[in-house]
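Peer 1: This is the structure I have questions about; it appears just below.
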Amino acid sequence: MNNTSNLSTPAAVTPATTNTKTNNDSAEELKVPPLSGWLTDLHRHHHKDGDTPNKQVRTIGVLTSGGDAPGMNACIRAVVRAGRYYGYRMVGVNRGYHGLLRGEINELTAGKVSGILSRGGTFMMTARSKTFPTEEGIKSAARMAKVFGIDVLVVIGGDGSFKGAQKLAHVGLPVIGIPGTIDNDVASTEYTIGYDTAMNTAMECIDKIRDTASSHERCSVIEVMGREAGYLALNVGMSSGAEVILLPEIETDFDRDVIKVILECRNMGKNHYVVVVAEGVGNSVQIAKRIEEITGIESRATILGHLQRGGSPSIRDRQTACFMGMKAVECVNEGRLNRIIAERGGKCVDLDIDEALNMKKSIARDEILGAKIIAF
Ligand SMILES: Nc1ncnc2c1ncn2[C@@H]1O[C@H](COP(=O)(O)OP(=O)(O)O)[C@@H](O)[C@H]1O
Ligand SMILES: O=P(O)(O)OC[C@H]1O[C@](O)(COP(=O)(O)O)[C@@H](O)[C@@H]1O
Ligand SMILES: [Mg+2]
């Protein structure tokens, strides 16, 4: 059961018709309200504080949780602006579930989310909390939300944060989840906010490393993020022409998958090699050492690390953040609570949280095979 709207046409704020005629055509002929009319219309529908479409909800809280991801700020901004547009009181919870337990909750005005759209990270900060997942932790967090008058909590985070949100829903705090993680490992959605920026950052770094690897005729082993998920490694590896890509989801036979491939490349005339390793596969410094010992090819390891999580979000991430943020508020307006916002078939949809968290996704085998076929 999902509710669908096109990602490129958010219902809440886009004028309904597009002008394809020349500038000389009058607005009346085109049956398109002139721009000034459209603005007036927008104003007329602007709800006053408390005059909200969903009378059961007065206050919406928002937090970011787990690993930060570029575009989280853009998403907070969209949630806050859309929420305020409809007349909800908006509050921000600092430091994810950790801050919720501690009551780190502040009013979010339109001004507080100005100037953050293009900034990486999350201005509300994020955290991982060990206390929160306990039975007592969940109940305390829900109680704290109630103390601050939060009627619905919007959680921007990854798979772990969503499990926490589901538990909050089960103890009676309504939630909406928005996927934000560079790992793209949330089963219910094809895309998570931050993934595109992180892939581009890693790809640019690998291009630079390849320049020096080729000059020194070396093998470069490059570790990208992903403790349990290889989406980033696979797509970054393929897009930077890595000769070898190692993923946590696939068991590696070192001699067959690494050494043999590098030697075949050398015999074809290659003089440098890039091996992209997802963090969860193992120690990249050790991998480089073993390659050098067995092949005699000078090897170096680079761990890209946290730089992959930072930086100004790409347009893909900003746009997805804006649409998903607006969709979350649309769900509240229409009384659809305990939902996960997702991208499915290129559309922004919302799914029941229990159904969404039961979904599974894995890297397509043909994508892995394809990356191997064009690697050399
Ligand atoms: N199974 C779970 N039950 C309840 N809360 C969880 C669970 N897993 C994670 N969390 C909470 O969500 C936080 C963020 O999860 P984490 O896995 O670190 O990041 P992400 O949400 O990006 O995957 C954790 O620190 C924890 O407080
Ligand atoms: O910030 P830390 O603790 O170094 O965590 C690193 C992990 O965080 C991530 O960037 C994001 O993972 P989560 O969002 O699931 O926490 C992973 O790719 C990486 O393995
Ligand atoms: Mg995760």
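Note: Cβ is positioned from N, Cα and C throughout, glycine not excepted.
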Peer 1: Looking at the candidate ranges 1-30, 31-60, report the one that TrEMBL labels region 'Disordered'.
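Peer 2: Region 'Disordered', as annotated by TrEMBL, spans 1-30.
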Peer 1: Have a look through E249, E279, E330 and flag the one TrEMBL assigns to the substrate site that T181, I182, D183, R218, M225, G226, R227, R300, H306, L307, Q308, R309 belong to.
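Peer 2: Between E249, E279, E330, TrEMBL records just one in the substrate site with T181, I182, D183, R218, M225, G226, R227, R300, H306, L307, Q308, R309, namely E279.
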Peer 1: Which of these, G61, G67, G71, G83, does TrEMBL say binds ATP at the same site as R128, S129, G158, D159, G160, S161?
Peer 2: G67
Peer 1: If I go by TrEMBL, which of R102, R210, R316 binds ADP at the same site as R77, A78, V79, V80, R81, G241, A242, E243, K270, N271, H272?
Peer 2: R210
Peer 1: Taking the Cβ of each of the binding-site residues and counting other Cβ atoms inside 10 Å, which one has the highest number: V79, G241?
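Peer 2: Result of the Cβ crowding comparison: V79.
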Peer 1: Around the Cβ of R81 (ADP binding site), how many other Cβ atoms lie within 10 Å? Please give the count over every shown protein chain.
Peer 2: 19
Peer 1: Of these recorded positions, R77, D183, E243, N271, which scores lowest on Cβ atoms within 10 Å?
Peer 2: N271
Peer 1: Which binding-site residues from the list R77, V79, G241, E243 come close to ligand 2, meaning a Cβ under 6 Å from one of its atoms?
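Peer 2: By the Cβ criterion, which requires under 6 Å to ligand 2, there are no hits.
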Peer 1: To the nearest whole angstrom, what is the C-alpha distance linking G241 (ADP binding site) and D183 (active site, proton acceptor)?
Peer 2: 20
Peer 1: At the level of the C-alpha atoms, what whole-angstrom distance separates V79 (ADP binding site) and D183 (active site, proton acceptor)?
Peer 2: 22
